[in-house]
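The FAD binding site feature in TrEMBL is assigned to Tyr328, 341-345, 381-388, 478-480. According to TrEMBL, the domain 'Photolyase/cryptochrome alpha/beta' annotation covers 82-215. Marked as region 'Disordered' by TrEMBL: 558-585. Taken from TrEMBL, the feature site 'Electron transfer via tryptophanyl radical' applies to Trp412, Trp465, Trp488.
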Amino acid sequence: MIQNFTNISRPTINPLLPLTKFSLNSKFVLSFSRTMQSSNGARAAQAVQQVPGFGSEEMERIAEQTFKRYTFDGVPQRKGKGVAIVWFRNDLRILDNEVLYKAWVSSEAVLPVYCVDPRLFGTTYYFGFPKTGALRAQFLIDSLADLKRNLVKRGLNLLIQHGKPEQILPSLAQTYGVHTVYAQKETCSEELKIERLVSRNLQKVVLQSPEGVSTNYNVKNCTKLELMWGCSMYHIDDLPFGCTSLPDVYTQFRKSVESKSVIRSCIKVPASLGPPPNVEDWGHVPELAYLGLQSQMASKGMAFVGGESAALSRVHEYFWKKDLLRTYKVTRNGMLGPDYSTKFSPWLASGSLSPRFIYEEVKRYEKQRESNDSTYWVLFELIWRDYFRFLSIKQGNSLFHAGGPRKVQTNWSQDRALFDAWRDGQTGYPLIDANMKELSSTGFMSNRGRQIVCSFLVRDMGIDWRMGAEWFETCLLDYDPCSNYGNWTYGAGVGNDPREDRYFSIPKQAQNYDPEGEFVAYWLPQLRALPKEKRHFPGMLYIKPIVALKFGNTKPMNNKATASGTRRMATQENKWKSQKGNRIQ
Ligand SMILES: Cc1cc2nc3c(=O)[nH]c(=O)nc-3n(C[C@H](O)[C@H](O)[C@H](O)COP(=O)(O)OP(=O)(O)OC[C@H]3O[C@@H](n4cnc5c(N)ncnc54)[C@H](O)[C@@H]3O)c2cc1C
């Protein structure tokens with residue numbers, strides 16, 4: 001049954017109350033950091049760094065200015081008839097949204113719809129973790145609220161309904177006589193299955209013909225589902241090869257698209273998208289408790305604001321206000337604070353931000369300020385994102401299998417105690433523990449951190465990489481199946497390119513990326529009192545390491561210990577390298 005939120009009473013947020021019908025039955029309580037309500041809220045708010053660092057009015061202003069630059073100068077042609085639905089999925093934006101534009105052009109009225117699918121709040125495939133943690137759920141809630149506001153400003157609205165798209169969309173199509181449902185094409189199995197079900201059920205819709213005669217199961221007179229590409233910087237139709245013959249090596253892919261493909265321009269927005277069809281009740285943006293999740297205050301780290309207005313503001317902040325694009329390539333491997341990297345990923349994953357818009361902003365910056373390695377490197381990283389997206393088409397479900405696309409046979413352990421220590425940041429290695437604590441309390445972890453904790457889980461602990469990937473799926477604000485499972489398969493050595501098989505040595509990584517121990521002391525304040533050189537290997541002053549490192553010592557990083565540890569590591573490293581031609585980072 002399809003329900004609007006307005007018709008449903010919502011439970012108050014109380015951890016002791018039984019949760020709603022969509023409750024997770026979960027032992028994991030994930031933190032939610034944006035609402036500061038406690039008596040020490042002011043102190044907590046000081047420690048939390050909001051991303052982007054603007055107030056809501058400022059974000060609204062930046063978004064409006066950006067929209068203005070991307071609004072049609074003249075009046076675009078609208079020749080369509082009847083009603084078209086925009087089924088919003090991971091494309092929660094107005095700017096550069098081809099789905100929205102196509103629906104608008106091909107109709108007299110657009111009905112924008114978002115379905116809060118209960119499957120999104122179920123559990124992960126193999127290990128039963130919450131599929132969407134509270135932080136990403138809140139980010140989604142923010143995104144929907146912002147999208148609704150921005151659509152209303154342009155003469156439309158957002159119909160929010162709770163249920164499965166394959167039930168909601170045909171029912172709406174029937175009620176409003178919709179000729180086409182437009183949506184962004186996805187590439188992974190869960191999303192593809194829903195596309196198939198929606199398409200099948202739309203074929204059963206009984207549409208009134210112009211003469212008023214209803215026709216059932218008539219393919220010509222039922223609602224169509226039109227899926228459109230929209231999530232990558234390079235359009236799938238512009239690739240120099242089909243996805244099934246995608247190069248197995250990233251560099252080959254990158255060089256090929258850079259030399260042979262052109263990035264399409266962003267789609268501009270009509271100033272007015274109305275009128276909407278006559279909808280009695282547009283529904284409400286859900287609250288966290290309704291989704292069966294509890295909010296919890298975080299006292300430090302980053303708090304991301306969901307939605308397109310925040311996304312456009314973050315681009316403005318990183319490129320133009322703080323001028324951080326100029327130095328991105330040298331800062332991008334940092335771990336502490338909002339500014340070492342762009343932090344665009346949560347908005348890219350929910351589709352509040354278009355990668356083509358980032359591309360155009362990079363080009364504008366290069367024209368107006370400076371063009372250097374750093375400005376190029378943001379695009380280099382976005383091509384990685386594209387690559388993982390296209391790989392997911394080539395690899396299909398092997399992306400989610402233990403052996404990965406290369407079907408590598410490994411005897412992974414699923415030792416729950418070891419995994420729990422990793423998940424909870426209790427391994428005895430401050431670099432791992434600090435990163436894992438950041439993940440569960442903010443929903444974010446740096447790229448450097450992700451590579452290190454992944455390597456530790458699979459190579460030092462020998463744990464099934466899918467447990468790590470599913471925990472990331474629960475927690476990450478920027479969770480996206482292609483990038484997440486793509487990176488995990490690389491990290492576990494089961495990805496399509498064996499050359500990406502790397503071991504991240506904790507002593508080396510600590511030395512290179514957190515030499516003063518500032519990052520670990522931030523997340524593990526008990527280490528702050530220690531001399532900086534002891535923070536990564538505090539010995540008896542911290543939890544006992546849960547496993548020994550495969551290569552390298554676990555002793556304090558004073559010069560003597562590091563020297564002998566490095567020697568021992570070097571011998572073991574050579575063995576590893578000669579065995580598999582792999583690399584130690
Ligand atoms: C084990 C593991 C799991 C990951 N899971 C995800 C995930 O679920 N979703 C996700 O978006 N990224 C994932 N990444 C990639 C990367 O860590 C994040 O995209 C990046 O840390 C986001 O921070 P940023 O936006 O500041 O990145 P920046 O350094 O500013 O990069 C700019 C953009 O480039 C893209 N990008 C950068 N590195 C990668 C990469 N290795 N793979 C794909 N895209 C990249 C992202 O869209 C990012 O926003 C994962 C990496 C690892 C090692």
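The backbone N, Cα and C atoms fix where each Cβ goes, and this holds for glycine too.
Overlay of TrEMBL feature records on the structure.
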residue: Tyr328; record: FAD binding site; contacts (Cβ under 8 Å, 6+ apart): Ser341, Thr342, Ser374, Thr375, Trp377, Val378
residue: Lys343; record: FAD binding site; contacts (Cβ under 8 Å, 6+ apart): Val51, Met302, Phe304, Arg314, Tyr318, Phe444
residue: Glu381; record: FAD binding site; contacts (Cβ under 8 Å, 6+ apart): Arg332
residue: Trp384; record: FAD binding site; contacts (Cβ under 8 Å, 6+ apart): Tyr250
residue: Tyr387; record: FAD binding site; contacts (Cβ under 8 Å, 6+ apart): Leu246, Tyr250, Phe253, Arg254, Gly486
residue: Trp412; record: site 'Electron transfer via tryptophanyl radical'; contacts (Cβ under 8 Å, 6+ apart): Ala402, Val458, Gly462, Ile463, Asp464, Trp465
residue: Tyr479; record: FAD binding site; contacts (Cβ under 8 Å, 6+ apart): Arg136, Ala349, Phe472, Glu473
residue: Trp488; record: site 'Electron transfer via tryptophanyl radical'; contacts (Cβ under 8 Å, 6+ apart): Cys454, Trp465, Arg466, Gly468, Ala469, Phe472
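Checking the recorded positions Tyr328, Lys343, Glu381, Trp384, Tyr387, Trp465 against ligand 1, the ones whose Cβ sits under 6 Å from it are Lys343, Glu381, Trp384. Trp465 (site 'Electron transfer via tryptophanyl radical') is surrounded by 23 other CB atoms, counting those within 10 A of its CB over all protein chains shown.
In the three-state DSSP assignment, the secondary structure recorded for Tyr479 (FAD binding site) is coil. Mean model confidence for the domain 'Photolyase/cryptochrome alpha/beta' (82-215) is a pLDDT of 95.
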